[in-house]
Amino acid sequence: MAATLLRAKPKVTVSFEDVSVYFTKTEWRLLDLKQRTLYKQVMLENYSHLVSVGFAFSKPNLVSQLERGEKPWIRDDGMESAARSCAGNRIKTKTLTSKPKLFGRGLLRNTSRSSLQRRPHDFRPNPIVRYQHSRIADKRYLCQQCGKSFSRSFNLIKHRIIHSREKPYECSECGKQFQRSLALLEHQRIHSGDKPYECGECGKTFTRSSNLVKHQVIHSSEMPFVCRMCGKVFRRSFALLEHTRIHSGERPFECTECGKAFSRSSNLIEHQRIHSGQKPYICKECGKAFKGVSQLIHHQLIHRGDKPFTCHEYGKAFRGLSGLSQHQRVHRGEKPYECSECGRAFGRRANLFKHQVVHGGVRLQHRTRGKGFQRKLLEHLRDLHGQQPQEAGEGSSAEPQPIDTNEKPQVCERCGQVFENKLLLCRHLRIHDDEDDKKQKPVISSTSVLEDKSLLSQHLEAQPTEESDSEGSVVFVYAEKPHGPSSP
């Protein structure tokens, strides 16, 4: 149906002058940047619609000026020639030139009420606007499907495409189809690299005028969107929408694979890469791939050696914000991770996980030596043997099982030592960090602390002695201090 309407020429003759508005130089200066951008977009869209429905006429001078990026204003004495530039004009030239200084004000009246409120004395009644309003009131073109009426036939044609879901405008480069010619025009700029909308503040260019308007909010200090719950302000409406989901707990973006929900669509996209294994962000230095751009940025700090996050109290620097946050908890004494079994709190989540092994009653045991551990068997096996832990009670005759990993060898940039995986490299880097800390802190010898012989004897008695039980397991025994006089 829509395709037939596009091919059929409407009965009512429409010219570009019916849908165009002209400005003088004085009137053009009254427009702000948003109004100028909107004016350019509307004029180009009107022209493209007339061409798409089959109206054949030469390109108006106004359209040529807009396409070249020139200022579209004209002189007062050129208003009459501009009115005659388009053939088939149904509005008489006499009517157009009778009030030459009112052309631009008609658009201002329709597009920006705020500017009228700021400058009400600048505008007078416009007979052309009254004529256009009378035509809008007479909506002769009715949509039979939804009952919506239009004052112009090509608006009805454009509207019917929505019901038919047809996409008559196809990109010749990639074959993508669109319902509107303006959408096709904006899409083709992706292939051509054309970015006609430039920011006057920083020079950044955009393919769409709407993106330019959104970008210009950054330069302005206005933050019009306010959260009613906490009073936090935002520059963009979608940022406020994402923020309000924190208060409501709403997570509308759900993963179809595992059912996990997120408050932001970008977080869902990054999460889905876990299931697909996709890692589109690649480091140019070492070739390592990452699922998210934030992970890549954090990784690139290693190559540059940057530590942008600094503690203001002690001056210690960190690569990531999480490392600085954990460090600052030490100063503040915060321990947000609490054990649900005994109520003990920890400053790091990893320490909570290690602590919870005690409540689980699982005593992990080395399979070859029989050495018992409760917390750090996993670290012990990875550091020494590259093995996975096994719970006590399992057969000790099993051969050591290496960790299956596809990670590339990791090289320490400070000493050149090579490690099998990133975990071993991280543990090795702590040695260098400890060395740096020791250089900064004064060293106190044990002899200066234990000058009293009685304290020294108690210290030596508390040192563990190594014994072996019947099963061959290594056991550490602490010597008890004698309470009475020693026997002869």
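Note: Cβ is positioned from N, Cα and C throughout, glycine not excepted.
Keep in mind that what you see is a predicted model, and the values were worked out from it rather than measured.
The domain 'KRAB' feature in Swiss-Prot is assigned to 14-85. Marked as region 'Disordered' by Swiss-Prot: 387-408, 435-488. The zinc finger feature in Swiss-Prot is assigned to 141-163, 169-191, 197-219, 225-247, 253-275, 281-303, 309-331, 337-359, 410-432.
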Counts by DSSP class (helix H/G/I, strand E/B, coil) across the zinc finger (141-163): 11 helix, 4 strand, 8 coil
DSSP helix/strand/coil residue counts for the zinc finger (169-191): 11 helix, 4 strand, 8 coil
Within-chain partners of the zinc finger (225-247) [C-beta distance under 8 Å, separation at least 6 from its ends]: 214, 217-218, 263-264
For the zinc finger (281-303), distant same-chain residues with Cβ under 8 A (at least six beyond the ends): 270, 273-274, 319-320, 408, 413
Distant-in-sequence neighbours of the zinc finger (169-191), which means Cβ under 8 A and at least six residues beyond its ends: 44-45, 48-49, 52, 158, 161-162, 207-208
Confidence summary for the zinc finger (337-359), mean pLDDT rounded: 82
